[in-house]
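Q: Right, I'll just put the structure down here and ask away after.
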Amino acid sequence: MVRAWYLESDAGGVKVLSQEDGRMELLGVDELTEKTGLLFWTASRYNRLFSSYCCRTRHEIDVDNIKNIKENETLKKIKQERGYTWEDDIEISKRTLPDFEEKTKAFATEHMHPDEEVRLVLDGTGFFDVRDREDRWIRLQFQKGDMIALPPGMYHRFNLGSDEGYLKLHRIFSTVPQWTAHNRIADD
């Protein structure tokens with residue numbers, strides 16, 4: 001299940017809070033959706049239930065079987081309802097991603113896309129930082145079985161948490177992606 005919390009801003013930039021320091025308060029899914037417009041789905045590790053938080057229905061999907069993901073009736077229904085027509089898979093790690101340093105630096109730069117950004121985590125863990133409606137940073141930690149949809153035009157950044165991190169994603173789009181990222185201007 002996606003975990004989310006506010007990042008603490010200080011004069012030196014953004015300080016990442018941890019649960020150990022006692023100040024990190026996790027945000028609930030409803031609160032997060034209200035503050036950001038994000039949509040979430042998650043698959044239970046044990047019973048493979050794919051829960052859609054945006055519409056409060058339950059769906060079955062096996063995230064361990066990539067062939068099943070592309071043919072899964074529930075995911076097909078979600079794609080049809082939301083107008084998604086194109087998909088692919090990507091592995092993000094030093095070993096698997098060409099130009100890893102350059103690409104992860106671009107991912108970590110605050111930017112937005114003109115289209116909705118939908119990601120289903122097949123393996124590993126990653127972090128999206130997004131801005132709420134008051135322009136405050138929220139960190140999202142997502143892992144295997146989580147699916148997230150960032151609205152068009154939402155500024156965000158992404159990281160693996162470490163250079164040794166690993167993430168395998170199933171990416172879903174409404175059209176063939178143009179891979180156009182619009183970086184946020186510093187005083188924007």
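Heads up, the Cβ atoms here are built off N, Cα and C, so glycines get one too.
No curator has checked TrEMBL annotations; they are predicted automatically.
TrEMBL lists these features:
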type	residues	note
BINDING	HIS111, HIS113, GLU117, HIS156	Ni(2+) binding site
BINDING	HIS111, HIS113, GLU117, HIS156	Fe(2+) binding site
Q: What's the number of neighbouring CB atoms sitting within 10 A of the CB on HIS113 (Ni(2+) binding site)?
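A: Around HIS113 (Ni(2+) binding site), other Cβ atoms within 10 Å: 20.
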Q: Tell me, by DSSP, whether HIS113 (Ni(2+) binding site) is helix, strand or coil?
A: coil
Q: Quick check: which same-chain residues outside HIS111, HIS113, GLU117, HIS156 lie with their CB within 8 A of the centre of the Fe(2+) site CB atoms?
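A: My list of surrounding residues reads MET112, LEU150, MET154, TYR155, ALA181.
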Q: Among the binding-site residues listed here (HIS111, HIS156), identify the one with the smallest other-Cβ count within 10 Å.
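A: With the binding-site residues HIS111, HIS156, fewest surrounding Cβ atoms within 10 Å: HIS111.
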